[in-house]
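J.: If you scroll down you'll find the structure; I have some questions about it.
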Amino acid sequence: MFLLAYNSILDSMSSGRRMEYNLELSQSTTLDGVWDRSKGKPLIIIVVLCIAIIFLCVMSDDSPPEHPSGKNDTGHGNKTIELRLYENFTTNCTPPPIDSFPQDLFTQEERRHGFVLVHIAVSIYVFYCLAIICDEYLVPSIDCICEEYHVSSSIAGATFMAIATSSPELFTNVIGTFLTKGDIGIGTVVGSAIINVLGVCACCGIAAKNPLPVDVYPLTRDCLFYSATVVLLVFVMRNEQIFWHEALVLVLAYAIYMLVMLNNATVKRKLDNIIGKIRSTLGLDSKPYDEEDMNQNSSRIIGNSSLRSERTPLMAACKDEDEEIFMSNILYRSRILAAGDAEAKWSLAKPPPLEKGVCAIILWVMSWPPRFVFTLTIPDCRKENWRKFSIITLFVCVLWIGASSYLISWMMTVIGHTLSVPNSVMGLVFLSVGATTPEIVSSIIVARQGHGTMSISNSLGSNIFNILICLGLPWLIRSSMIAGDAKNYIQINSGGLEYSVASLLLAVFLLYVILAANRFYLDRKVGLIALILYCIFILFASLFELNVFFIVNLPICKHMNN
């Protein structure tokens, strides 16, 4: 019912407001005239080889694993812990994360007899409340702040917009780092990463009416940055211990990423010159444009003119199209939702008419209590009279997101404990889906409008922020607080997460290869392939965490209160 409800939201928001693109625009090349598809071809081979080499280097790491007793097992070059050793060291169990939360209303036996469905229902409901907060209050407040205080588009995209889209993952890892001391935050970030890489691509490809062109340069840039980010995370997690200086490296890496993005136009011009010299050396400059290239370029100009007329004031400040892409689909999402609220005045004051369907009525009934509370507690800066309170809106949204993330983490921990599922699996499979639901919905809306590059570029950029900031910043604060202790590091309980993180390289590699093989067009064929790959990844990542292939997780200690 939750998915049906989101579908009804999607249809109601997008109906009547979809941009109609002609066939030429959907088939047009999506790069500027200085960076067309033919110029990007030499780059494809380089990127594929770079990602492949990085992946092989990461997977060939043969450092000895950490023994359960704390001693290194030098007899093996992988993470395998022999079953007999596992049985001998079961006293080194993992403390149950459920002990970090208040005592549950139901006992373990009652939950296993069906009352766990209550926790599942609460989780889904809080997921929906979180989506309301992010989409209807947090994102518009960020847009208002950027416009009111004249924040440049690049800085806004690298900081405010990234925080807006990744706030659930950030708060979840804060709870996992400081409160539960578990892996639910890492699992959520890793799960969100694979959803952003393959899940968003699958949803956009399946939902798109026509093939969506994807820009070569932003895709290549983000894939390389993302690959380097994953390698850095694998290096930090190599011994399942996070020290303060390692966490600092993650945060500094994001600062470097911001510097590159702030000078994106300069970097692009230099790459244009390098590729131009290579083409000139190979004698490719003299090759005339064929009729297809001319049609693509002409339709490209038409498409750009129509898109520029639809800019928000913040996007109008962008210097080039890549900055617009870096601003991501967030502005489009806030515009769509604001327009939807202007038309659907029945959303809070009165129920929707019967012709809207049963799902719309059920959704209105379910959403009325949280919307009423949010209306009383959060200034709606989408209204002209409340725009000056956008900072207060942002602050209150952060408080609500923190409370919602705590409740979701609590429910997921109880569900995992009831089903004897590790926290890392709950984060990989379930919590990550809920945390990225707003992004998935908005990406589908943007894809239906014909913006393929915007969705994919935003998803990869969100992954970089999730890994370097959502993981790195809480780790840095926590490890700095315990720097003087005997145990001056953050312990990663699951050894299988390292394999899941490393496999993210394989995911981005496959995404790039699939798009390159399809001539950088996102369509239903690519979407279905990405969906299958996502299911395979989640399956194997979960099997790793459940000790199916070999032992990577110590048993959970006995819970004090059953």
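Every residue, even glycine, has its Cβ placed from backbone N, Cα and C.
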J.: Labelled transmembrane segment by TrEMBL, one stretch among 208-231, 424-447. Can you tell me which?
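T.: It is 424-447 that TrEMBL describes as transmembrane segment.
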J.: Would you call the transmembrane segment (528-552) and the transmembrane segment (242-262) in contact, using three or more Cβ pairs under 8 Å, pairs 6 or more apart in sequence?
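T.: Contact between the transmembrane segment (242-262) and the transmembrane segment (528-552): absent, because fewer than 3 Cβ pairs are under 8 Å.
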J.: For the transmembrane segment (459-477), give me same-chain residues lying six or more residues beyond its boundaries with a C-beta closer than 8 angstroms to one of its C-beta atoms, as numbers and ranges.
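T.: Residues 157, 162-163, 165-166, 169-170, 173-174, 177-178, 185-186, 189, 192-193, 196-197, 200-201, 219, 222-223, 225-226, 229-230, 232-233, 242, 244, 246-251, 253-254, 257, 326, 328, 439, 443, 490, 508 contact the transmembrane segment (459-477) from elsewhere in the chain.
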J.: Please determine whether the transmembrane segment (115-133) and the transmembrane segment (497-516) are in contact (criterion: at least three Cβ-Cβ distances under 8 Å, sequence separation 6 or more).
T.: no
J.: Select the range from 242-262, 391-412, 497-516 that forms the most Cβ-Cβ pairs under 8 Å with the transmembrane segment (184-207).
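T.: When the Cβ pairs under 8 Å are tallied, 497-516 comes out ahead.
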